[in-house]
Amino acid sequence: ETISHFNGPDPSMTEAQASPISLIPNTLSLDKFRQLVVIKAGEIIRIDAEITGRPIPVVSWSKDGKDIDTKARCEITSTNFTTTLIVRDVIRRDSGQYVLTLHNVAGTRSVAINCKVLDRPGPASGPLAVSGLTAEKCTITWGPPQENGGAEIMHYIVEKRETSRLAWTLVYGDMKATTCKVTKLLKGNEYIFRVRGVNKYGDGEALESEAVKALDPFTVAAAPTNVQVTSVTSGAMTICWERPVSDGGSSICGYVIEKREKTGLRWCRVNKKPVYDLRVKASNLREGSEYEYRVFAENAAGLSAPSTPCPLTKAEDPQFLPSPPAKPRIIDSTKTTVTLAWNKPLFDGGAPVTGYRVEYRKSLDDEWFVGVQNTKNMEFTVVGLTPGAEYVFVVRSINKIGASEPKFILFNSAIIIIFFFCLTEEADLDLDVPMTTQYTAKAGRDVEVFIPLKGRPAPNVTWRRGDRNMAGDNRYTINSTERSTTLRIPKVTRDDCGKYVLEIENGVGEPKIITVSLRNVTRGKLTLSWEAPLVDGGSPVTNYIVEKKASTMKAYQVISAECPNTSYKVTGLEEDVAYFFRVSAENEFGVGDFCESTEAVRATETPGAVKNLVMLDSTKTSVTLQWTRPDHDGGSHITEYIVEKRSQDEVNWSLGATCKRCTCEVTGLRENAIMDFRVFAKNEKGRSDFSQIGPIPVIDFIIPPEANVVDTTSSTASLVWLKPDHDGGSRIRGYIVEFRAKGSDRWIVYGETKLSKMLVEGLIENSEYDFRVKAKNDAGVSEPQGTFSSVVIKEPLIEPTADLSSITNQLITVKLSNTITIDIPISGRPAPKVTWKLEEMKLKETDRVLIRTTKERTTLIVRDSKRSDSGKYYLILENAAGVMTFTVTVVVVGRPSPPTGPVKISGISSESCTLSWSEPADDGGTEITNYIVEKRESGHASWQVVNSSVQRTTIKVTHLTKYMEYTFRVCAENKFGVSKSIESAAVVIEHPFSRFCFSKTISHILALFGS
């Protein structure tokens, strides 16, 4: 293309002038050079100029101040009268000011020509900065291209690529700004981002970022340190630890504690929710097992590494030295001995007391002597003492930890100094030793009567039955010591029942008479029942252990250690003896806690009183009563229940009815009479105590409905009730609801309804009210059931919640163009405020988006769904009780977008070529299964399928016709359909080298010879 031409030499100029001749363009050329020359990239710049001057000027070309050298694309041709500058295949850098300079001895002249090359823009100004990087998103920033290609930048194309993949994924195809936020990154993946500017001539060169890894700017915290166990018991421990040395850049939001038994392999969570303090109590431990603990710190990045486990700690009650024995005392002394006694220590230190140590010394000496190193008795006699000497005695308790502090024998808080002398003491019973003076035995068994004694000197013992001394009777065996006497009666019979008299005397004081009674009874029995434990400890209950003890005894006795059921028949009990019972469950891990009876029960006694006596119904001539069985049947079966009646004008009770069950109708009553009733339970031993009810009018009676307040608001209360069990012989016509303010005696009738519910309105907020309901039939209005518990009228604060159970895995998949419907039941008091968000964008109602919300549910409807509607939808519920957020993921699936062009054609030969393209910017929400490639010959309208199952983004097309012009098109396919296609430019199939033109060559040769 010729840009301009210069005129030839001016005939008016002479050689004698010897001055440089400036370029003298004509008017047209001068005007053209003053304009901006615009040319498209890839074309040719050609500047022709005619020059003149004497002597012949030296010609030079320059661009932007630099001389232009002849290169592959630049060519400068000059003669005496012309010069030509040719720049081929111009590119964007060829834009600028071209200057032609002429120089001879007469002077210098220059002409400037401005040229602008129109092209795609250059790369954006770097660097491509990545900021705000987290595991899911980041922000990238760049500058406008320094070379805009001669046209305004319309927008930018932003793409991303994982370093492990070759394909680029479109992020934004029409970004106006020079910064954008990239979301939906995969945590831990490494990404490269690139940006291309776009003007009206096409896409510019790409500016790429450095590779960055999608990670949060913070990491998990360091592990907690110094894990210790304190406050150890048999069922619980307290675990303490110190904060991690580093929180990983994010504040610690809690701690997770795990435990492991010494014999186990698996770590188990101690806490269900994160712990915010630096200590936690681990409970429900197995006594005797050893445990170790470790702690995790949790922040926004997740759980830290576990701490170093603490040392193994056994779950057992802490053990200490026992306390000293209680009440140490001197009970006897002689000239050379002292007998000491004491009680068990108040505290055994958590381990059984294995014995006691007695020490003594003379009051004037410092050396202690050990009377006994370890005795299990609570009484000891120190021998070998010096008569008339003063001694000090101490007693220590011993457990496996060691010996307690010494316990001095004190009196008024001073150490007793013992002066030895012979004691005298009146003979009597030793009440410090447990005993009984009433014995009960079964026939045929041996009875041993033990009576503890005391006195100095030792008392004389005489046993009598009636007036007969029993010492010479071979039927009985009597053994007496200084401290006790024992009467043994073998194989007792009814003849042995009666009173036995014990006479003791030792010459000090008056003789003592003690009476012992012996009774023989028949065999007693009763049945125990209980419920299975609520918690079985993770293993089925294998059996129950049943134990008993008489109320006068301290220790329990095992009745059965392998009871398989939740009831047990106890036999062999003694009559008129009160018993306590207890039951424990056992599984493979051991025995659980005991459940004990709260009251003592006697075998074969009269039953307990009936319970929960109420009136069920009343007519003009009868009353129906109901009750529950007694807590115990006295050890024998209840044969019947006896109901007695008495009117208010009568003094004596009369029989009303007898029955076998816990419901009884007493008939034959006088209408309108006011009656009292009482009920007895009866077994083979007799009647129980009675339970009484009354006064009860004998009339047709409507049992009032049982009602309840089920809900309140700031001004209303919702009441519901059940239909009465008895309608009084006439159909219920309606219900009357009354209320009153708390503290008031005046009931206000709110209204009447035939339904079994009513909403009471117009109440005062924060005021307290009582409510009651009456039933109404043809005979009149019932009495109220009674007043409900007082209710405060206020809007309850209930944290909002949503029920997502109907949405599987909180994931909804919708086909493209279909309607997205998210319907979620909600609740909360007061009714929560509902907000919907898509990712970080708050949703508002539009032509496509509808939001419908009531007190019970909220529904989001998105019509004509698009791929851009995919993402996480957040439902935010907010009321005075709190804010809750729920997430539903929506995936809109459909056909993919067209493959990303252009379709590049390479490797052209006479029969084949290679096509390549890029993946679609949008895969339709599912994987691209294949590509479909088609071809069309020039001049034909129909397309032919080349390959319909291409797996990659490149294909070699063969079997093409030489010198035929083809157009190709490509479309992508997923399981939802085929995308639109993109077409290539037309291409002629031929060898990559050009054909040799013989005729032109001959013409050139002839022309040369002709010249």
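Positions of Cβ are set from backbone N, Cα and C atoms, glycine also.
Just so you know, TrEMBL annotations never went through curation; they're auto-generated.
Lifted from TrEMBL, the feature list:
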- 25-112: domain 'Ig-like' (DOMAIN)
- 124-217: domain 'Fibronectin type-III' (DOMAIN)
- 223-318: domain 'Fibronectin type-III' (DOMAIN)
- 324-414: domain 'Fibronectin type-III' (DOMAIN)
- 434-515: domain 'Ig-like' (DOMAIN)
- 510-607: domain 'Fibronectin type-III' (DOMAIN)
- 609-701: domain 'Fibronectin type-III' (DOMAIN)
- 703-796: domain 'Fibronectin type-III' (DOMAIN)
- 800-891: domain 'Ig-like' (DOMAIN)
- 898-992: domain 'Fibronectin type-III' (DOMAIN)
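When each of the listed stretches 25-112, 124-217, 223-318, 434-515, 703-796 is scored by C-beta pairs under 8 angstroms to the domain 'Fibronectin type-III' (898-992), 124-217 comes out highest. Across the domain 'Fibronectin type-III' (324-414), DSSP classifies residues as 0 helix, 49 strand, 42 coil. The domain 'Fibronectin type-III' (124-217) scores a mean pLDDT of 90 in the predicted structure. Across the domain 'Ig-like' (25-112), DSSP assigns 10 helix, 44 strand, 34 coil. According to DSSP, the secondary structure content of the domain 'Ig-like' (434-515) in residues is 6 helix, 44 strand, 32 coil.
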